[in-house]
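Below: the structure, in structure tokens.
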């Protein structure tokens, strides 16, 4: 281990001597190539940036090596368009011969690149998108995720509402598949009365009509899933309308990616998550400290899960001694998940989705004036997603 | 749905309509007077919001931010006119649409390069941060009342400028017959530039006013632009009065439709289907209204005489 930094420095010199030294370090000599799929254009680019920066920090701490082999990361901007994602990922697989594909913020992009990647016998590690399609019958030995299954996060809030003793809850989500899934996920664990459900268009700007309905229904709590700019608008308008005395339960609505724009308006609002920046364990403290020092903003789950993915792959490549050709051995090495996650306990279920704790989090202001979500209490412990039972994972590739 | 709630929703609709008017007014002037389709009008709204948010953060005051953002938006509009749009007046509509669409893409990425992709925050000014209780458990934010007032004031001012001043007379004349106006010795190009700069400033004003309640992010003008086009088509292209009436109409239809349709659908369908079809129908409603109005009055509610 002690010789690694020296070799890195020499390798980065790019001289003939350094090139000669590399084969001695690991089999094959050539760097491991990783395609990092992260949206960099359009309104959701902030999430892709979080994801990319988490991965970058993970690698930086590993001296830009995975299991002792140097790494070359190709950042692939999917532009949030499935056809673009497929074209670019195919090029990365066929022309650049990437060894892993990592990343992906949105489920529709993941659905598009799933077959091209796994049919090329390449491991795909999602660091955010976690649709149920690949958790159940559609599970795949080449596919892993370091995030969650979407349904779990929504059901956390259902359980939390149940635990808090709320009897009447008002639901509001955008009118598309993920919005309907959010309502279903919430209702899977909430036993009380759903006062009303509102579906809003994905391009909604002004929520005043909906806020008036919430006020007139007088629920015990509101549950919502409003990603990105939708959430920024809703949270600020909710506060301005004087509704903040009604508990605001949410998923993917108040997180570190949107909090800079929501600021004080989001104080005290609740979110369900598998991780929060204040988690009290050594790997996480180091992650948050060094992330903020490097990028000057507070990391969100997108960054944390990508950081975990870098450490996961590092552990797997080390386990197989840098030999990526034996896919079965590599698969077992990834399944072992022999790394320290920033969220504490972490292991993969049979469907390659994490089995992990889920938390009720609340938005708080830190002493330095920045906003972050902080854990309130553990809601679900070592939770297995509801689809795992349907997965028939082949024993060998 | 009770009467109070309906009144509240009507107020919400009016306020959204006024915001729409601020964006649509500039668009209808430019389209009507110059016969120039400016798809980039929405990004001028976005640029206004960004300028306002950045200047407010820099000066620490909403009011200074607003005051400085207006001339900045004006200068930016004139710069765009000089760099890009000026060269397109003589071209056909297709070239204009393509070029101004290019400006949208360019500026959406541009603000991201300058300000980052994450949404920005612009705080509500201290003096307007409170709210007026309008029904049990619901405050009507004072700031929204201020938007309503500012929008109505701007509408009045515009009416005065267009109908009662010499410059306004020229603008109206330009909307009817620009070549004839030129033949009478009016510098049409300079008039166009003035109209364009004024339109850009109005869009920028709308952007700054909207910034404290809507998120300031790349692409924020794109949704509003579509509605603004609906407004000017319904109102009659080139007519400020038409844009005002149509903006209020669209704002009301949008808001009340969203609030009431799911309940109406419930009379016919089971609750969960009613909610989804209601939501889907509500987002179509504005376009249905536009189609009906155009079927009856193809040139819009207040067509400009040509």
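Cβ atoms here come from the backbone N, Cα and C positions, even for glycine.
The following features are taken from TrEMBL:
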type	residues	note
TRANSMEM	B:6-29	transmembrane segment
TRANSMEM	B:36-56	transmembrane segment
TRANSMEM	B:62-85	transmembrane segment
TRANSMEM	B:97-122	transmembrane segment
TRANSMEM	B:142-162	transmembrane segment
TRANSMEM	B:192-214	transmembrane segment
TRANSMEM	B:226-253	transmembrane segment
TRANSMEM	B:273-296	transmembrane segment
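Remark: the transmembrane segment (B:192-214) contacts the transmembrane segment (B:6-29), by the rule of 3 or more CB pairs under 8 A. At the 8 Å Cβ threshold, with sequence separation of at least 6, the transmembrane segment (B:142-162) comes into contact with the transmembrane segment (B:6-29) through 3 or more pairs.
Taking pairs at least six residues apart, the transmembrane segment (B:97-122) and the transmembrane segment (B:226-253) share fewer than three Cβ pairs below 8 Å and do not count as touching. Cβ atoms under 8 Å from those of the transmembrane segment (B:62-85) belong to residues 36, 38, 40, 44, 47-48, 51-56, 99-100, 103, 122-125, 193, 196-201, 203-205, 207-209, 212 of the same chain, restricted to positions at least 6 beyond its ends.
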